[in-house]
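Going by Swiss-Prot, these are the annotated features:
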REGION    1-353  region 'Unknown'
REGION    1-351  region 'Disordered'
COMPBIAS  8-17  compositional bias 'Basic and acidic residues'
COMPBIAS  28-43  compositional bias 'Basic residues'
COMPBIAS  44-80  compositional bias 'Basic and acidic residues'
COMPBIAS  89-129  compositional bias 'Basic and acidic residues'
COMPBIAS  137-167  compositional bias 'Basic and acidic residues'
COMPBIAS  168-179  compositional bias 'Basic residues'
COMPBIAS  193-214  compositional bias 'Basic and acidic residues'
COMPBIAS  239-250  compositional bias 'Basic and acidic residues'
COMPBIAS  263-281  compositional bias 'Basic and acidic residues'
COMPBIAS  288-301  compositional bias 'Basic and acidic residues'
COMPBIAS  308-323  compositional bias 'Basic and acidic residues'
DOMAIN    358-594  domain 'ABC transporter 1'
BINDING   Gly390, Glu391, Asn392, Gly393, Ala394, Gly395, Lys396, Ser397  ATP binding site
DOMAIN    607-851  domain 'ABC transporter 2'
Amino acid sequence: MRASLENGDDHDAHRLVDAGFRPPGRPRAARRRAFARARRGERRARGTAEDRHDVPGAEQPVLRDDAKGARRGGRVDRRAGDRHRRASRREQAGERRRGHAAEEDRHPAREPDRFDGHPVGRRVGEEGGRRRRRGGRERERPGRRVRRLEEFRRGRDVVRLPREGDRRRRRSRDPRRHPGRADSRARARLPRGAREIPEREDRRRAERQAGARERARRHREHDPGAPVAQGRLQRQRRRLDGRAVRDRGVGPRHQAHERRRRAGGDRGDAEAELEVHRDVRAVPARPDSPRDRHRAREEVGRQCAEGDSGRREADRQGQREDVQLVSGPRDEADDMDEASGAARAPDEASEEAMDTILALTGITKRFPGVVALRGIDLRVARGEIHALLGENGAGKSTLMKILCGIHPPDEGVIALDGEPRRFANHHDAIAAGVGIVFQEFSLIPELNAVDNLFLGREWRGRLGLRERARMRRAAADIFARLDVAIDLSAPVRELSVAQQQFVEIGKALSLDARLLILDEPTATLTPAEAAHLFGVMRELKRRGVAMIFISHHLDEIFEVCDRITVLRDGQYVGTTEVARTDVGALVEMMVGRRIEQSFPPKPRLARDAAPVLEVDALQVRENGPVNRFALREGEILGFAGLVGSGRTSSALALIGAKPARVRRMRVRGRPVCLADPAAALAAGIGLLPESRKTQGLIPAFSIRHNIAINNLGKHRRLRWFVDAAAETRTTLELMQRLGVKAPTPHTRVDTLSGGNQQKVVIARWLNHHTRILIFDEPTRGIDIGAKAEIYQLMRELSARGYSIVLISSELPEIVGLCDRVAVFRQGRIEAMLEGEAIEPNTVMTYATSDVRGANHEHA
């Protein structure tokens, strides 16, 4: 055998390689040459000149593997035997195919007609195989036509063989996707009994189409013009994806008939019907281009801004009558203005409608178990300051959150500049030009004012780096317009509450919004700071910016606003102009009743009553002033002054929540050292903080847990367990006593209104039997009705022997509620006013000047 390999006997070498023989001891180069000669002989024995597509006698090229092996310096592939075995199997398959081809030549009549001029040899060749080149190597395998032909001869059900190029067409094989032209290949794969399935589907589809034509014929007999117009209207609505406005209560077809009836004619043609449907806020049929679709949407928005017809017009008429009854009699000049307005030309009316920047129509919002808004309508003109009034829980904040994209409306349309809009999130509202200053701060305490101002929209240069200097200059310009001094490098948590409010306002102004929503912006501002804000608002008004102003201070409403819209219990009450109403009428619209007196009468207190709290020396900061004062039993002592004058700092240092340089005091004649709030709590002193949501309550807890958290040992069972039933009974008693409006004691406290939340904080201290209470801005963010309840509650507590310190920025509260007033200025008590001396002018004089009064007492 070795001799045959050395002599180059290709036939013997081929047999040995097929058997897997690997001759040992042979030089590598000799083995390589022997295997190369064996493979060349195999190719010559397997194929013909025609199959190889070259002329007879031509020398065969060296295979890529052999050439690669030669370049490698004679290294022999160890898997050559496996390759030769595969080659022999391919040769046997070729012999079988050649036998089939010879059988076909002997019986040409058995070839089916459905080949349609595409003989098998066209794809198969004489040997019946397909030649492929992969990696420079010739391979042969049976073609697809040969396999299908073999299946046909074996009796399988083959409808037709695929033609040339079917592999590249990639058509769907599911007849249901193309019912008009079912794929025959998919039907060919079905069993014989299931071939009528596509035909059955075709019959059913034809029956459905016939039924639709019959219904259309019957409908045409009833109303000849309706089917075409109705079909077009449906296509238009589908094309708008639900953006077309539909009138509530009455369908478009009924309105079309009503309009035709009032017009005095019965036009039955399709174009007249389509014209009527266009009046019902449809767009022109089949827009030809995106520009036409854009014009169609503008037309829809313009019609939205002009107002609804039918029931909406009647509702507004009734609301105008209600507002006229509330506002009182009108003079002849008003009647003449109304008559002239009624006689205006249609062009002027349309110009006024186009001046509307915001139109809310039928806004309805439902939450689990409650309907927050019911069909709210609101119109805001360009360059107008529009006030939105209502009690806590009336739906003002919910309506503004819908307008800002925080909550989606369940019903209704929002039209901005005459175009229907639907905001998916708050970023969409900002991009549309809607800015808002929330009642709760949306600032990040760890960032400074500049970063909070441009958070999420930082200015970046060419390399993507933030332009800090440019943003800092812009922030400085914004705060200069607000006329407020803010440290731009300090974190926001180190700023006062009033400064944080100005940062919120500056953040909204930096958006260049065309519609600005201000939700209680003056709640933390002094009158002077509020006056600065009103000046900024008037400047924005002159620039054409529309503003929605939400406030519980009616004097601010009458000072800066143009029109007022009132909500009550989630429903629209009415809209009136500021010049045509008064405070009493607005309060009655908000509350539903007339409030005669806000502040309860002051009792007469004995001047020689024993003090319950005596502060001998209180120095908050180093080298600062030292204050002394006393608090009597059953007295309401007011701390008045501007924001930053030291009122809140003194109160926090009093209970140990803030460090103090000097703190000497006595409680009921006994010296105490209040180093922390726990010591103050043990001494019977409690604080109702300025921000009740972040400092006074745990929002995720229930009413019962918030009330009982200061006194967990009161209802203890078996020393380690809390008696939940006893806590619930105590909570119910306090809720009834203070008038907390909530379904159950287990209601989450963050779902309550501001007034009820403040009552929960008061109930916590009453549960602890604390006799000295410090109220820091107790009526901030509370409507006028809840304010009256808080005032009455404070007076009742003082009548029961509770001593109260009231810190407030509202002069009417200080003057109307306090028995004595300590006026602070720059951390010092400038004056102690009592009795008739408590007047607004006197308080402001001591708060803003360096003059001390003759009645400057500290006891």
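Note: Cβ is positioned from N, Cα and C throughout, glycine not excepted.
Keep in mind the model is a prediction, meaning the values are calculated, not measured.
Other residues of the same chain near the ATP site, with their Cβ within 8 Å of the Cβ centroid of Gly390, Glu391, Asn392, Gly393, Ala394, Gly395, Lys396, Ser397, are Thr398, Leu567, Gly570, Ser753, Asp783. DSSP gives Ser397 (ATP binding site) a helix state. Its Cβ placed at the centre, Ser397 (ATP binding site) has 21 other Cβ atoms within 10 Å.
On its own chain, Gly393 (ATP binding site) has Asp569, Ser753 as residues at least 6 apart in sequence with a Cβ closer than 8 Å to its own Cβ.
Around Gly395 (ATP binding site), a 10 Å sphere centred on its CB holds 24 further CB atoms from the protein chains shown. In the shown protein chains, 23 other C-beta atoms lie within 10 A of the C-beta of Ala394 (ATP binding site). The compositional bias 'Basic residues' (28-43): residue composition by secondary structure is 16 helix, 0 strand, 0 coil, according to DSSP. Summed and averaged per residue, pLDDT over the domain 'ABC transporter 1' (358-594) gives 87.
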